[in-house]
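Here's the structure, in structure tokens; my notes come after.
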Amino acid sequence: MKNTLDETELEGNPQDIISISLSPDKKRLATLDKKGIVRQWDLSGKQLGNELKTRPSVIAIILGSDKVCVTLEKDGKASLWEFSGIETKLNELEKKVRSVSFSHDGQIIATGAEDSIVKLWNLSGEQIKNKIWNTNSNGIRSVKFSHDGQIIATVGGDETVKLWNLSENQEIPLETSGITTVGFSLNQNDKLIATGGDKGIVSVWDWHGRQVAEFKGSWDKTVSVSFTPDGKQIVAAGDNGIIQRWDIEGLNSLLDRGCDWLQDYRNTHRKERKIQKICSS
């Protein structure tokens, strides 16, 4: 399948870029070079504001807004930076951070560490004390917020996905395995999550942990999965460089189709009584 991509050349043609981050509102970019210099750009490639000088040991940048970003270093240290140059270290005495994400409004930071702990932080660099979860086994590979900031998804080194409801401070059960990447729907009316994993499988789930659709990509391992902004398609990329899109239906018809799939599964796995409860409403 062919896909048309827009190209943007950054002003001044900066060299040795090792990390790029898109802001939560999708209106600007940040780049990090080998010297630890962070620059911001609009989507036309024009540089915005002043450069931020961090350290050569920084290997990744996560942009929050035009005022703040988070950096990750080789040793797993995470720091919150204001673009004025003020630094606040988030995990100076704690385990290595593997993944960082900002909420869509840019006000909350989630960190996922090698000890499988997820923590939330405010923009002052203070930990939100009652928001701590011990999630997947073998550390956290990725952590992401839903569009409305109410759900956090984590992908662990054990290749499972966990969903966490922030308002209720509890886990949403999701039966997964072999997962390598995860993406949330950007459409707040369709509260869906997509997972990609081994054997090219891309699955769609609702926020109750019900599988509602499944697709097969032309690759062995899925490396990226996301929804288009209008929520009508899923875009996934494989380890062979192929990108594919699939049309998805509205939530209600997806649920109907998912329950038909679950009913077929129950007919051959009669011990799975929970399937009856899932689709009884």
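Glycine is no exception: its Cβ is also placed from the backbone N, Cα and C atoms.
Feature list (source: TrEMBL):
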REPEAT    10-44  repeat 'WD'
REPEAT    90-131  repeat 'WD'
REPEAT    133-174  repeat 'WD'
REPEAT    215-256  repeat 'WD'
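Mapped onto DSSP classes, the repeat 'WD' (133-174) shows 0 helix, 22 strand, 20 coil. Residue counts for the repeat 'WD' (90-131) by DSSP state, with H, G and I taken as helix and E and B as strand, are 0 helix, 21 strand, 21 coil. Distant neighbours of the repeat 'WD' (90-131): 23-25, 60, 62-65, 68, 70, 72, 75-80, 137-149, 152, 154, 156, 164, 166, 169; these residues of the same chain sit at least 6 beyond its ends, with a Cβ under 8 Å from one of its Cβ atoms. Within the repeat 'WD' (215-256), the DSSP-based counts of helix, strand and coil residues read 6 helix, 20 strand, 16 coil. Over the repeat 'WD' (133-174) the predicted model carries a mean pLDDT of 81.
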